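Trainee: I have a structure I would like to understand better, so I am pasting it below and will then ask my questions one at a time.
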Amino acid sequence: MSTSTLIINCGSSSIKYALISDQLDTRISGLAENLGSEHARIRGMTFGEQPLDLSLPYADHEQALEVLLQRLSQHQPTAIGHRVVHGGTLTKAELLTPEIIQSIRQATPLAPLHNPAHLIGIEATMRLFPELPQVAVFDTAFHQTMPAHAYRYALPKFLFSEHNVRRYGFHGTSHAYVSERASQLAGAIKHGGWLTAHLGNGSSTCAVWNGKSVDTSMGLTPLEGIVMGTRSGDVDPSLHQFLANNLGWSLERIDKMLNSESGLLGLSNLSNDMRTLVEASEQGHADATLAIEVFAYRLAKSLAAISCGLPQIHGLVFTGGIGENSAYVREKTMAYLPHFGFSLDLEQNKSLPRGTEGRIDQGKGPQIWVIPTDEEGRIAQETQHVIRHL
Ligand code: AMP
């Protein structure tokens, strides 16, 4: 591999990594998991598609990164790009300086599960590689172009002006990548209006006009919006009071239920995995069938709602594990969206090989695309862009 960028995505006990050549054509990727426990290990692929499986009992983030980077150093990473979920009001990828690290720390109350883990990774790579330029690429940054009427909540003004309570949106690198790719495939780069549906364990929708996010379904945190694997998406805010008064639940209990026990898992009482639910539904599992129906209906409703941000709809893009792989969910969703002239080609939809790029409409009305997302590739590009403009 020629020179390359190392992409790091740190979770509380895991590190996803990818080493991507500057031409984006060669990649090595993997996962360090169970960090801090006796089962800590690194799994992945090395150059030449050789599997890598290293047991590192009780390794922490820094130790795992040290091992990883020793193994990857022969491929000469020239920069490190960190995925950071919440960048507050930062509008673009930034070179990591003490001030930017402080901004990430200040955004921690808005992403308490994600930002502290990113900071552990950032501090470890800075200690290990003080000579390499490092860049933070924020999930929130793409949505900073939303107009105030899309990002403000109808709440007392001081909550916004003094406490930054507003809608931020997430999955920005994915929505940015697939909307740009769609406009490229349609022959009008960064032009026109696109609806994008990133459907994975976390799911969100986005409306993109001329390459800029104008609305999205997630809000202050990644809980708002459509149905997800274990997250509820939108609920009546008075639910908190109802559960506190009637069941005596604490705020922590309610938060855990909404984030970890709801969504597809809560509705089906079976699984958060769409594959399992589709199979169960085929075998007559009524709650699995309902979970899929609620998922598709609320997704369609969200797409219809945020289409208000677009003067015109050129097309819709499905991406993420479910969007890329489930023809069934795509068909169910489009059945709820007959209003905008969309016409799904049922055969094309079914026959598109899983995880491949393809157009699935009948050639009239707005286009419908399936585009595999490439968050790592996008982070590598943004990292290189920041470094070129230093
Ligand atoms: P992601 O978070 O983008 O990796 O997506 C993960 C989700 O994709 C899993 O939870 C599965 O529900 C879903 N998924 C992957 N493959 C399929 C498939 N063939 N059919 C339905 N859902 C799938």
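Backbone N, Cα and C define each Cβ position, glycine as well.
Quick paste of what TrEMBL says about this protein:
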| type | residues | note |
| --- | --- | --- |
| ACT_SITE | Asp139 | active site, proton donor/acceptor |
| BINDING | Asn9, Glu375 | Mg(2+) binding site |
| BINDING | Lys16, His198, Leu199, Gly200, Asn201, Gly202, Asp273, Met274, Arg275, Gly321, Ile322, Gly323, Glu324, Asn325 | ATP binding site |
| BINDING | Arg83 | substrate binding site |
| SITE | His171 | site 'Transition state stabilizer' |
| SITE | Arg231 | site 'Transition state stabilizer' |
Trainee: Could you find out if DSSP has Asn201 (ATP binding site) as helix, strand or coil?
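Mentor: For Asn201 (ATP binding site) - judged by DSSP and reduced to three states - the answer is coil.
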Trainee: For a Cβ distance below 6 Å to any atom of ligand 1, name the recorded positions from Arg83, His171, Asn201, Ile322 that qualify, or say none.
Mentor: Asn201, Ile322
Trainee: Count the other Cβ atoms sitting within 10 Å of the Cβ of Glu375 (Mg(2+) binding site), across every protein chain shown.
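Mentor: There are 24 of them.
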Trainee: These are the binding-site residues: Asn9, Asn201. Which one scores highest on other Cβ atoms within 10 Å?
Mentor: Asn9
Trainee: Among the recorded positions Arg83, Arg231, Asp273, Arg275, Glu324, which ones place their C-alpha within 10 angstroms of the C-alpha of the residue listed as 'active site, proton donor/acceptor'?
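Mentor: Taking Arg83, Arg231, Asp273, Arg275, Glu324 one by one, the ones whose Cα falls within 10 Å of the residue listed as 'active site, proton donor/acceptor' are Arg83.
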Trainee: Within 10 Å of the Cβ of Arg231 (site 'Transition state stabilizer'), how many other Cβ atoms are there?
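Mentor: Cβ-Cβ neighbours of Arg231 (site 'Transition state stabilizer') within 10 Å number 26.
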Trainee: Could you measure between Glu375 (Mg(2+) binding site) and Arg275 (ATP binding site) for me? Cα positions, answer in whole angstrom.
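Mentor: Here the two Cα atoms lie 23 Å apart.
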Trainee: Lys16 (ATP binding site): which of the recorded positions Asn9, His171, Arg231 have a C-alpha within 10 angstroms of it?
Mentor: Asn9
Trainee: Determine the most Cβ-crowded residue among the recorded positions Asp139, Asp273, Glu324, using a 10 Å radius around each Cβ and all protein chains in the structure.
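Mentor: Answer by Cβ density within 10 Å: Asp139.
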Trainee: State the Cα to Cα distance, in Å, between Ile322 (ATP binding site) and His171 (site 'Transition state stabilizer'), rounded to an integer.
Mentor: 15
